[in-house]
Amino acid sequence: MVHRTEPPDGGWGWMVVLSAFFQSALVFGVLRSFGVFFVEFVAAFEEQAARVSWIASIGIAVQQFGSPIGSALSTKLGPRPVVMTGGILAALGMLLASFATSLTHLYLSIGLLSGSGWALTFTPTLACLSRYFSQRRSLAMGLALTGVGISSFAFAPLFQWLLNNYAWRGALLLVSALSLHLVACGALLRPLSLTEDTAVGGPWAQITSLLCHGPFLRYTVALTLINTGYFIPYVHLVAHLQDLGWDPLPAAFLLSVAAISDLVGRVASGWLGDAVPGPVARLLMLWTTLTGVSLALFPVAQASTTLVVLAVAYGFTSGALTPVAFSVIPELVGTGRIYCGLGLVQMIESVGGLLGAPLSGYLRDVTGNYTASFVVAGAFLLAGSGVLITLPHFFSCISLSTSRPQDLVIEAPDTKIPLPKEEGLGEN
C-alpha cells in the first residue's frame, strides 16, 4: 500500500483510470446494451414486457444496493481482491443465464449473481479513483466513464449480431467470457493510504455519520429520482422503435448513435467540471434537466431524422451528468469517506434502478405504447434536478473544495468523528 499525505493527482492514478475505463465498459456497457436481448426474451418466454424488464432492473438494483458491501470490504481488504472476486461472480451469472429455462432463472443468474459481481467491482473502483485525484478528479472520472459510451456503441450492434448468429444462449456465453476480464481490471488497483484516513473511523462509524448528514441525504434523494428514469432508453428504446416499424438492427444502431454522443459528453463534462469555477452540482443540475427534456420528447418524434437528433441530445447530456454526479460525492463527504459515501449513494439510489424499467414496462402494457413511459422517465429526472438546488453553496461562485476551514466534530452513537467543515457537514 502506498502512503500519501494528499491525493497525487496522477501517477499510478492513471492506471486506475484505465482499470475503471474497462470496468465501466464491462458493467454498464453490458447493462445499457441489454435492450437488444429484451425483445428476444419476450419472444422466447412469451412474457409481458413488465416481467421481462425485471431482469435488468434487478441487476441494476443489486449492483447498487450491494455497493455498501463492496465498499466495506474494500475498506478492510483493499479494492484489489474485492474487485477480482466480483469479476468472477459477474461472469458466472452470465454463464448460468445461458442455460435458463424461465424468467426466474434469469432473475437469479443475471439479476442476482451478476448484479452481486457488479456491486463488488464498480463502486470500489470509482472510490479508489477518487482517492488518487483532487484537482483533476472530474476529468479523471470523465475519462474513466467513457468506457460506458464506447462499449455501448460497440456492444449494441455486436450483441444483435451475436443474437442473429448464435441465438440468445450463445450470445450470453460470449458475454460471460467478456465479463471475466473484470478480474484483470481488478489486478490494476493499487491501494492508497491518505493522512485523512486516520481521522474518519471505521466503516460503521462513517456510515452513521453520513446518515446524519442532511446535504448527503438530499443528494441521494436527487440521484434516486434521476436513476429512476435514466436507464429507460437503454431498456426500451429498441422496442419503442420496433413499434414504430424499425427493423431490429437499425434500432440497435440508434443506441450506438446515442453511445457516441454519450462518449463526447463524458469527456466534455469532465473537463468542464474542473475548469468552470463554482460547485460541480450546478453542472449536474444543468445536464440532468436537459436529459429529462430530451427523454420526454422521444414519443413526439416520428421521423428518423428527429429520432437521431434526440438520440444525440440524450446521449450527450446523459453522458455528461455521470462524471459530475460522482465528483460531487467527495466534495460532500471527503476522500476519507469516499468508499462508504459512494456505497451508500449507490444503495439508496438502487430503489430508482429497481422500479424504473418495470414501471416503464407496466405503462407500456397498460397504454399499448411507450409514450407515457418516456414522459414519466423525463419527469423523474426533472424532479431530481430540482432537489439538487437545495445543496449547500449551490448558488456560490466558490467550489466546496476550495475553502478548508477548521475541522468540525460530529457526534454519532459511541464515537466522535472529525469532519472537514467545508464538506457541508455542518449544514442540514
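Every residue gets a Cβ built from N, Cα and C, even glycine.
The topological domain 'Cytoplasmic' feature in Swiss-Prot is assigned to 1-10, 395-428. According to Swiss-Prot, the feature transmembrane segment maps to 11-31, 52-72, 81-101, 106-126, 139-159, 172-192, 221-241, 244-264, 283-303, 309-329, 338-358, 374-394.
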* Any chance the transmembrane segment (81-101) and the transmembrane segment (172-192) have 3 or more Cβ pairs under 8 A, given the pairs are 6 or more apart in sequence? -> yes
* the transmembrane segment (52-72) vs the transmembrane segment (244-264): 3 or more CB pairs under 8 Å -> no
* To do: Please give the sequence-distant neighbours of the transmembrane segment (221-241): residues at least 6 beyond its ends with Cβ less than 8 Å from one of its Cβ atoms.
  => 31-36, 38-39, 49, 53, 56, 60, 64, 152, 248, 250-252, 254-255, 258, 288, 291-292, 295, 298, 307, 311, 314, 318, 321, 325, 345, 348-353, 355-357, 359-361, 364, 369-370, 373-374, 376-381, 383-385, 387-388
* Could you pull out which residues elsewhere in the chain have a CB under 8 Å from any CB of the transmembrane segment (338-358), counting only those six or more residues past its ends? => 50, 53-54, 56-58, 60-72, 74-75, 119, 122-124, 126-127, 130-131, 203, 206-207, 210-211, 216, 219-221, 223-232, 235-236, 326, 329-330, 332, 377, 380
* Six or more residues out from either end of the transmembrane segment (11-31), which same-chain residues have a Cβ under 8 Å from its Cβ atoms? => 2, 56, 59-60, 63, 83, 90, 118, 121-122, 125-126, 128-129, 132-133, 140, 143-148, 150-152, 154-155, 175, 178-179, 181-182, 185-186, 188-190, 231, 234
* So are the transmembrane segment (106-126) and the transmembrane segment (172-192) touching or not, going by 3+ C-beta pairs under 8 A with a sequence gap of 6 or more? -> yes
